[in-house]
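> Right, I'll just put the structure down here and ask away after.
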Amino acid sequence: MVDFDLRSANARLRASNPLIQCITNTVVQQFSANVLLAIGASPAMLDHEADSAQFTRISSGLLVNFGTATNQQFLAADAAIDAANDDSTPWVLDPVSIGAVDHRTTRIRRAADSSPTAIRGNASEIAALAGIGLGGRGVDSTDEVDAVIPGAVELARTTGAIVAVSGARDAIVAHIDGVDRVARIDGGHEFMPLVIGTGCSLGAVTAAYLDGATTTSARFEAVVAAHAHFKVAGQAAAAGAQGPGSYSVNFLDALHALTGEQLATARVEAGTVEGSQS
Amino acid sequence: MVDFDLRSANARLRASNPLIQCITNTVVQQFSANVLLAIGASPAMLDHEADSAQFTRISSGLLVNFGTATNQQFLAADAAIDAANDDSTPWVLDPVSIGAVDHRTTRIRRAADSSPTAIRGNASEIAALAGIGLGGRGVDSTDEVDAVIPGAVELARTTGAIVAVSGARDAIVAHIDGVDRVARIDGGHEFMPLVIGTGCSLGAVTAAYLDGATTTSARFEAVVAAHAHFKVAGQAAAAGAQGPGSYSVNFLDALHALTGEQLATARVEAGTVEGSQS
Amino acid sequence: MVDFDLRSANARLRASNPLIQCITNTVVQQFSANVLLAIGASPAMLDHEADSAQFTRISSGLLVNFGTATNQQFLAADAAIDAANDDSTPWVLDPVSIGAVDHRTTRIRRAADSSPTAIRGNASEIAALAGIGLGGRGVDSTDEVDAVIPGAVELARTTGAIVAVSGARDAIVAHIDGVDRVARIDGGHEFMPLVIGTGCSLGAVTAAYLDGATTTSARFEAVVAAHAHFKVAGQAAAAGAQGPGSYSVNFLDALHALTGEQLATARVEAGTVEGSQS
């Protein structure tokens, strides 16, 4: 049984105010920046190949998301990933739109083979990356979280990454000391997938929580804390929301207001993946 | 006299949850995605020339808007338009910023000659595209809607597209069985043009409503339904709005809350264009 | 002693509804456009090298911000700056991310040497541009405003620009008739730096207020008016704000609602820079 100290994870984040470099799609850049600011991190969206790696050297974490990648962004990501790995800076891969189109799928698979600290996507995307599904259409999840856990386990084993599957219920998978561990997190609200960027920005938040987590266990906890932060705030944001517009506003307020004590109330269920011990 | 069944148009949209590919300007991508999600469609902003056409093949509709187009976006749009025409997938051209600058004007005219299903712009833009005016400055309308109806009629005849002119009062023009039809729609609110993207996102919504409309009459109805959705929600959004910020939030809530019954209450006035029958 | 007529500056802005071309980063484009619309200006984000200069010719002001600049944006900015200088159109340089990375720093320094009408940044950025500090990390200020006033004075003398340092307290510096003048402005709120774009959009607002200001004194007043507009609205926006999400909504409402009378109540303290007269 794993016990997560979400309160300490949050305290560490707030104390370090990590600078997170986001090479991410233009649709969600504003929202992702506001989300990072709300949780106590600093965003920077530098994505030019001439200086992206130099910026990674002074960053505490990196997010790579090819949702609207240009040729320059692909080059910038290659350089930034190398710099992150060189410096042991945590970096998160969001495989958004994998499976739908070949060119992007090839680039995402190459990134997945470059030692990401964590991979975060919805069920369709994780399934496509694991080769157990056909991928979804854009950013909406069409498969179920539980159905992709075997694929997530396989990804965690082969890439060494913590693998997070986001959905109505999140599942975070880690391969630690030969054991496949999983944490399931409930919360959020039905309006959440109607706000663009609630998935993509979670990748940035995951990178922020990973700052300072050096063991696989600590990283597992950090990724769980990031997802729990969204689940608890996402539930609180429903109070008074009249639709996805006001929900989005409330969500930023709730992300910011959330205390370590409240984070510790997240509905997290941890265990090992049945039948997966090798 | 034409009768529009807006309730059925909305029911069809909600049932199909169409995937809409938006090759659009970076200023309005987030807002457009949130608008599509609010009305029950799925947005995807893929705009890389290496895979844009492949994505069009799995999309239900396409929007092309060159507001901040890069060379890659221009190429991506060319490929996506060809794929949409091949598959008879509806696509919408937003001629934003036509007339102001030559390079863009050339590209927009070429797209207009590529059989768009619908063209949506403000009065200045439609006038410039029809060659009856000098174009506006950016996205603000400086001409009046009624003054450009002759130009819209000409465009509808030559391109085969449904032509929509957005403004304080919208006008939708279609050339059906040798008759030039027009529908005028009232509603909205004075804060609406103060929220960036309320014009550009309407092009995306138009593409969503066009899914499943195969005759010119059905397409006319679909474009009217899209504009009516905005006019009714835009009026409802004024309740409690203190300015353009809160209005924008209310607008997303109202787009989402709108029922088919409410849509059917839109103030639509349909007729034929006087003196235009050929 | 300098007296500012902020009421007249605001009246001029509202009467002229200036068209402001923003070559700016994709993270803040939507917010900047909404801010410009809220204060009564018209935004346009054209940034393609093939037509950016042509657009500058019909614009009333230009903002250059290389936060996420692509190669195309760099070229577009070069052409637009030349056109602005040719036409004596005011243009504002935002040196965001200077100091952090070499490639961008080189491009920003070159732009600073191209006769900007005003330069607006946070303390770290102004310090880095003046060569008196190491620059910050992204858009957050880590130095204090007062500490960079000598650097701002030096920049104002060498570039001929009005130099604005934004922070919890803003400082605007101008070199007028051999005297170094400074205006300090208080206001705003602690949530303001938690909303992405409240800095970058102020550069666009500065360009809007500069329309019609032809002398250095008038430009000094215009830049002060722009910053005062933000400080007063930023303070009003705190009423009822539950966090950075609702604060951001309130801020747009407050920018729009602000009257010339309210602007004139801004807490501005003007004087000369001690020990700096040459």
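Note that the numbers count up from 1, one per residue, in the order the chain is shown.
Cβ coordinates come from backbone N, Cα and C, glycine included.
Note that TrEMBL annotation is computational and uncurated.
From TrEMBL, for reference:
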- A:MET45, A:GLY197: substrate binding site (BINDING)
- A:ARG120, A:SER166: ATP binding site (BINDING)
> Can you give me the Cα-Cα distance between A:SER166 (ATP binding site) and A:GLY197 (substrate binding site) in Å, rounded to a whole number?
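Spelling it out, the Cα of A:SER166 (ATP binding site) and the Cα of A:GLY197 (substrate binding site) are 12 Å apart.
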> Which binding-site residues (A:MET45, A:ARG120, A:SER166) come close to chain B, taking a Cβ gap under 8 Å as close?
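Of A:MET45, A:ARG120, A:SER166, none lie near chain B.
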> Return the residues near A:MET45 (substrate binding site) by Cβ distance under 8 Å, restricted to its own chain and a separation of at least 6 in sequence.
A:GLN21, A:CYS22, A:ILE23, A:THR24, A:GLN29, A:ALA33
> To the nearest whole angstrom, state the Cα distance for the pair A:ARG120 (ATP binding site) and A:GLY197 (substrate binding site).
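With distance taken Cα to Cα, A:GLY197 (substrate binding site) is 13 Å from A:ARG120 (ATP binding site).
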> So which of these binding-site residues, A:ARG120, A:SER166, A:GLY197, get their C-beta under 8 angstroms from chain C?
none
> Which Cβ among the binding-site residues (A:ARG120, A:SER166, A:GLY197) has the fewest C-beta neighbours inside 10 Å?
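Among the binding-site residues A:ARG120, A:SER166, A:GLY197, the lowest count of other Cβ atoms within 10 Å belongs to A:GLY197.
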> Can you tell me whether DSSP puts A:ARG120 (ATP binding site) in helix, strand or coil?
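Strand, per DSSP.
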> What does DSSP assign A:MET45 (substrate binding site), in three states?
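In the DSSP reduction, A:MET45 (substrate binding site) maps to coil.
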